[in-house]
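> According to Swiss-Prot, the protein has these features:
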SIGNAL    1-22  signal peptide
BINDING   CYS34, CYS37, HIS38, MET83  heme c binding site
Amino acid sequence: MKPYALLSLLATGTLLAQGAWAEDPEVLFKNKGCVACHAIDTKMVGPAYKDVAAKFAGQAGAEAELAQRIKNGSQGVWGPIPMPPNAVSDDEAQTLAKWVLSQK
C-alpha cells in the first residue's frame with residue numbers, strides 16, 4: 001500500500017508544479033503560442049503587447065475585455081488579420097490580459 005501512497009504524492013506534486021507554471025504569464029504566452037504573432041515591443045502579425053496596453057490604458061473593464069478577446073478571438077481591431085480563438089481557460093485568459101496590460 002505504501003508504494004501507492006508515494007505514487008499518489010508524486011502525482012499530486014507534479015500537478016501542483018504544472019499549476020504553478022500555468023500562472024506564469026510569460027510561460028503561458030510561449031506555451032499557448034501567442035509568441036507566434038505577438039512580441040512585447042515589436043509589431044509582428046499582431047500588435048505589440050505595449051501597444052495593446054497603451055490602447056486600453058485608463059479604460060474601465062479593460063482587463064475583462066482583453067481576456068474575452070484572448071479567449072474568443074477578435075477581428076478588425078488591429079487590422080485585417082483576425083486573432084483566432086485560443087485554447088485557454090478563463091483564469092489563463094485573465095492572467096494573460098493582466099500581464100499584457102502591465103506592459104508599458
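One-based numbering along the chain as shown.
A Cβ is built for glycine as well, from the same backbone N, Cα and C atoms used for every other residue.
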> To see if you understand the setup: which same-chain residues, six or more apart in sequence, place their Cβ under 8 Å from that of MET83 (heme c binding site)?
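Correct list: CYS37, GLY46, ARG69, GLY73, SER74, GLN75, VAL77.
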> Around the Cβ of HIS38 (heme c binding site), how many other Cβ atoms lie within 10 Å? Please give the count over every shown protein chain.
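Its Cβ has 20 other Cβ atoms within 10 Å.
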> In the structure shown, with every protein chain counted, which of the binding-site residues CYS34, CYS37 has the densest set of Cβ atoms within 10 angstroms of its Cβ?
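The most densely surrounded of these binding-site residues is CYS34.
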> Excluding CYS34, CYS37, HIS38, MET83, which residues of the same chain place their Cβ within 8 Å of the centroid of the Cβ atoms of the recorded heme c site?
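Neighbours found: GLY33, VAL35, ALA36, MET44, VAL45, GLY46.
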> Can you give the largest Cα to Cα distance in Å, as a whole number, for the residues CYS34, CYS37, HIS38, MET83 that bind heme c in the record?
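For the residues that bind heme c, the greatest Cα distance is 11 Å.
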